[in-house]
Amino acid sequence: MSGGWDESKYVDNGEDEVVRQVSEPSVEEPIEASVTRYRSDEEKLDDKSSGAHVTEKEAEFDIEGGSRETSQWKHFLNVAVAGVALMSDGYCSNSIGTVITILRKLYPEETTHNKSLQDIGMIAYVGTIVGQLSFGWYSDRFGRKNGMITATIILIVSTALCTGAYGYKGSINGMLSALIAYRFFLGIGIGAEYPCGSVAASESSNELKSGLRHAAFIVVTDGAIDFGFVVGALVPYILVCIFGEHHLRIVWRLSIGLGLVIPCVLLPFRIAMKDPKTYVKHKVPLTKIPWLLVLKMYGFRLFILCLIWFVYDLSAFAFGLYSSTIVDGVLPADASTARSFGWNVLINTFYLPGALLGGVFSDLLGPKYCLITGLVLQSIFGFFMSGFYNQLVHKIAGFCVIYGIFLTLGEFGPGGNIGLLASKTSPTAIRGVYYGIAAAIGKCGAIAGVYAFGGDQVRNYFYAASAMAIFVAVLALLFVPKLKQTCIEDEDKRFIQACIDAGYGNPYNYEKNEPEQLEEPDRPPAFNPFLSATFSFHHIILC
């Protein structure tokens with residue numbers, strides 16, 4: 001009797017969970033056997049809810065009474081709605097590189113000896129860091145859904161302001177300054193997407209079938225960023241073909257303004273969605289978390305992930321931002337703007353297969369070894385480009401293909417897997433803060449790359465990027481943990497047990513491997529006017 005799975009003890013409550021029927025142990029059954037039965041049934045209930053054990057009947061219908069295939073698509077839609085807004089990051093990062101090229105051609109006198117264009121490319125990263133750090137706390141405190149809605153609204157407003165940037169009395173320098181200011185707030189919205197959208201996507205992917213969870217996360221986050229990169233290169237090219245070389249002012253404004261499409265489409269879906277079940281189940285007030293224990297358990301792991309993300313973004317975002325400039329340096333001096341943008345589009349399409357293949361192999365090899373494989377292969381192609389750069393620059397087609405493969409391997413390895421590792425190597429209670437810190441340090445690397453790779457020493461840049469890829473691969477091999485399909489549940493259980501062993505108790509308000517105990521209902525607290533006023537104040541603020 002003890003240790004077996006008994007379907008009669010579980011009933012469908014019509015909602016999202018299976019509820020275990022409470023039954024008293026029989027007279028013949030000793031209390032020790034009852035506890036053992038409870039533990040075994042509870043473990044199998046966890047396995048059942050996570051999809052680890054699926055009966056033939058459950059293979060056709062899920063616990064909500066619908067098709068299991070339909071349920072999987074519903075869960076994937078939740079993952080997509082949470083993560084796909086990162087397309088704005090890729091679009092804004094890449095389209096602004098093309099916009100900078102246009103502004104340099106339109107206003108050579110105002111931009112030749114002025115750092116405004118470089119600041120336009122950099123300032124969004126500063127705002128992104130602010131958004132990542134602040135909304136990391138916000139998403140853990142107020143919920144993933146609230147954070148995503150706020151981030152979407154910020155993206156819509158700031159993108160509209162960037163599109164209509166205008167200087168006082170038509171001043172070009174004033175327009176550039178306004179563009180810098182607006183892109184800072186755009187960066188905050190983009191940064192908010194990381195600890196809100198990406199974290200929600202990782203938690204929602206936990207509801208998918210085992211074997212698809214890593215791929216789903218990478219496709220809707222890194223794949224979305226890469227698709228944004230491609231669209232960010234394609235849109236200016238199409239606009240130049242439509243309006244011509246003599247109407248570049250409308251080209252750069254529309255290139256920015258079309259970035260409104262993504263957040264506007266996503267906003268109603270995000271309003272309708274719910275917080276991931278994992279977050280709802282394991283939400284803990286930040287004041288109740290034993291931060292010293294968290295630092296001891298996750299401090300070094302977070303440091304390694306931050307270092308890897310920093311080094312990767314140091315080259316990755318710089319190459320993305322300056323890809324059109326790099327192509328300009330390879331093309332003849334009399335090449336048209338449309339031709340330059342066209343080759344830039346071709347190069348950026350190589351991002352997409354890297355993200356898709358990276359998602360597939362992340363489930364097959366595991367995120368750790370997929371990351372290492374991509375880094376090693378990328379370094380090989382980088383050293384090749386450095387050694388044969390003088391020959392490649394005279395053959396634009398060959399240069400673009402080799403350069404594109406270099407970018408593909410970057411997305412295959414660290415591009416998708418570093419975000420996956422950051423979102424699934426911490427407990428749910430601190431996942432937003434943990435992920436936000438790692439992503440913010442990565443963006444610091446992107447800022448450093450904007451300045452370090454902003455010159456014309458392209459050959460040396462490939463040398464440096466390849467050497468850094470080898471360094472990151474060694475770090476990952478030595479210190480990055482292996483992740484299983486059940487890594488989110490495993491990390492929560494590990495954190496619970498560590499809190500109990502350290503004497504802090506269970507932060508999630510249930511004891512591992514302990515039977516349920518009947519407790520007397522708590523008496524209602526006495527009326528406290530101060531607490532009542534405080535609650536009313538917080539209620540007004542939140543509303």
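Using the three backbone atoms N, Cα and C, a Cβ is placed for every residue, glycine included.
Annotated compositional bias 'Basic and acidic residues' per Swiss-Prot: 1-12 (among others), in sequence order.
Here Swiss-Prot flags 38-60 (among others) as compositional bias 'Basic and acidic residues'.
Per Swiss-Prot, topological domain 'Cytoplasmic' is recorded for 1-82 (among others), and the stated evidence type is sequence analysis.
Sequence-distant contacts of the topological domain 'Extracellular' (104-116) (same chain, six or more residues past either end, CB-CB distance under 8 Å): 172-173, 176-177, 180, 248-249, 252, 337. Annotation comment: Swiss-Prot describes 104-116 (among others) as topological domain 'Extracellular'.
Look at Swiss-Prot and you will find 138-146 (among others) tagged as topological domain 'Cytoplasmic'. Beyond the topological domain 'Cytoplasmic' (138-146), the same-chain residues lying 6 or more positions past its ends with a Cβ under 8 Å from any Cβ of the stretch are 82, 192, 195-197, 199-200, 203, 270, 273-276, 279, 283, 286, 429-433, 436, 542.
The annotation topological domain 'Extracellular' is assigned in Swiss-Prot to 168-171 (among others).
Per Swiss-Prot, topological domain 'Cytoplasmic' is recorded for 193-222 (among others). Counting residues of the topological domain 'Cytoplasmic' (193-222) by DSSP class, helix then strand then coil, yields 23 helix, 0 strand, 7 coil.
Residues or ranges marked as topological domain 'Extracellular' in Swiss-Prot (evidence: sequence analysis): 244-253 (among others). Helix, strand and coil content of the topological domain 'Extracellular' (244-253), in residues and according to DSSP, is 6 helix, 0 strand, 4 coil.
Residues or ranges marked as topological domain 'Cytoplasmic' by Swiss-Prot: 275-301 (among others). Each residue of the topological domain 'Cytoplasmic' (275-301) gets a DSSP state, and the totals for helix, strand and coil are 20 helix, 0 strand, 7 coil.
Taken from Swiss-Prot, the feature topological domain 'Extracellular' covers 323-340 (among others). When pLDDT is averaged over the topological domain 'Extracellular' (323-340), the result is 70.
Residues or ranges marked as topological domain 'Cytoplasmic' by Swiss-Prot on the basis of sequence analysis: 362-368 (among others). Counting residues per DSSP class in helix, strand and coil order gives 6 helix, 0 strand, 1 coil for the topological domain 'Cytoplasmic' (362-368).
Here Swiss-Prot flags 390-395 (among others) as topological domain 'Extracellular'.
Look at Swiss-Prot and you will find 417-432 (among others) tagged as topological domain 'Cytoplasmic'. With a cut-off of 8 Å between Cβ atoms, the residues of this chain six or more beyond the topological domain 'Cytoplasmic' (417-432) that come close are 135-140, 144, 147, 195-196, 198-199, 201-203, 214, 217-218, 221-222, 278-279, 281-284, 286, 289, 294, 298, 301-302, 305, 308-309, 312, 358, 362, 367-368, 370-371, 374, 438-439, 442, 480-481, 483, 487-488, 491-492, 494-495, 507-508.
Here Swiss-Prot flags 454-460 (among others) as topological domain 'Extracellular'.
Marked as topological domain 'Cytoplasmic' by Swiss-Prot on the basis of sequence analysis: 482-543 (among others).
The transmembrane segment feature in Swiss-Prot is assigned to 83-103 (among others).
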Which of 254-274, 341-361, 369-389, 433-453 contacts the transmembrane segment (147-167) most, counting Cβ pairs under 8 Å: 254-274
Per Cβ pairs under 8 Å, the stretch of 83-103, 172-192, 341-361, 369-389, 433-453 packing most closely against the transmembrane segment (396-416): 341-361
Long-range environment of the transmembrane segment (254-274) - Cβ separation under 8 angstroms, sequence gap at least 6: 78, 81-82, 84-85, 87-88, 91-92, 95-96, 98-99, 102, 145, 148-149, 152-153, 155-156, 159-160, 162-163, 189, 228, 232, 235-236, 239
Folded-back contacts onto the topological domain 'Cytoplasmic' (362-368), same chain, C-beta under 8 angstroms, at least six residues removed: 211-215, 218, 416-417, 420-421, 476, 480-483, 485
Structural state census, the topological domain 'Extracellular' (168-171) (DSSP three-state): 3 helix, 0 strand, 1 coil
